[in-house]
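I have placed the structure first, in the form of structure tokens, so that the comments after it can refer back to it.
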Ligand code: C2O
Ligand code: CU
């Protein structure tokens, strides 16, 4: 560990986190997986929870420092789940959560995984399909699967509020219609901070038959790692919240290479599954076409896109020449970021050429809905990095006041952050429209399921309460959920 750790620390500390308003929270560290060699993205590891005395202790150096000794791994989309249903409008997959030992940058992690790969298998559906997931819990503890961003019936939401966890060795069949398009993900909603950290996450791609067909697609999952992710044979203690983030991975790989050819049009689906880390993504030749809930109303070409924990970005990438995909310094405190840039991966183009013409995405040009000014539900975020308690309206989950929105009505939720740390607010069961951020409407109509609320800022969202249930509403910095920052929004 030693030599390697030094290399990492040298590279590390970059992208955000750690100390910011989240000190004990900040570290985040998700677990992502895979080795360095084989062909399928999201490679598999070995099914064991012991014996991590593998290589790496001595001969693995930082690949960036020792280019001759270790070839840079190649970035590929995670392997996809097999559709077991011949019906073209139904997708049936089998998903098992179980312990898995896997490598990150040559170090062993005693983690957990879906179907033996980290990230878990990508589940691909198209808008309107019925998705059925035969889930088996191969862990020795309770878990669930939550379908982040999908508007599923409450009983399928994978939460234990008024519901049951899936016990060790037990099965549960999730089934629902996916009436959305975009990029989503799945993860447990029991002991979420720890279970996601250990490696339980995967991507859901919901294709829109109205979208043009790109030459290729790249699904890329960003995750962060801290010192506790490694260096332990015991899965229960590598979940440490006090460690600074030392590394970021793309599909489980540190600084991999992605080969591309000039002229390719690649649909990029990027997901940030880190427990607490923000990714300020700088990606040249990239057009931002979709946010959390499918294609935006209009194209954006920002200098960078900030992916908060649980955020997704859909991009159209018009390949011309090679370049670095960079994580820019970012501060959760709303203060100037002091870190360095970090390369998340490198795009290699052997023969540069002109970028291709863009595809014709179905932007509808819709304007943002004007903010009507009233408020139906007010959530005030407060907390203290020193105590680790994080509250909504002064309350700690599960001792919360349940706010209600009438079924079928459109209402306004105001999010006020009076703490020093940013909080990415996530609502289950519904998408919402961003009405204003500190009084300013968004430049294009934005429909999201997670939205950052910067320190001391006020964000207003419009919610069409069309899905009955007791929906979790929480910060997606998972250590903050552990610290109490979750409540329930009832729609009835
Ligand atoms: Cu992505 Cu309540 O979670
Ligand atoms: Cu938070």
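Backbone N, Cα and C define each Cβ position, glycine as well.
Source: prediction; values computed, not measured.
Sequence annotations record features per position, and here TrEMBL assigns compositional bias 'Gly residues' to 27-44.
As annotated by TrEMBL, compositional bias 'Low complexity' applies to 45-58.
Over the domain 'Plastocyanin-like' (107-210) the predicted model carries a mean pLDDT of 96. Summarising the annotation, TrEMBL assigns domain 'Plastocyanin-like' to 107-210 (among others).
According to TrEMBL, the feature domain 'Plastocyanin-like' maps to 377-491 (among others).
Here TrEMBL flags 27-87 as region 'Disordered'.
Sequence annotations record features per position, and here TrEMBL assigns signal peptide to 1-25.
For the domain 'Plastocyanin-like' (107-210), the DSSP counts in helix, strand and coil order read 9 helix, 46 strand, 49 coil. In terms of DSSP helix, strand and coil, the domain 'Plastocyanin-like' (377-491) has 5 helix, 62 strand, 48 coil.
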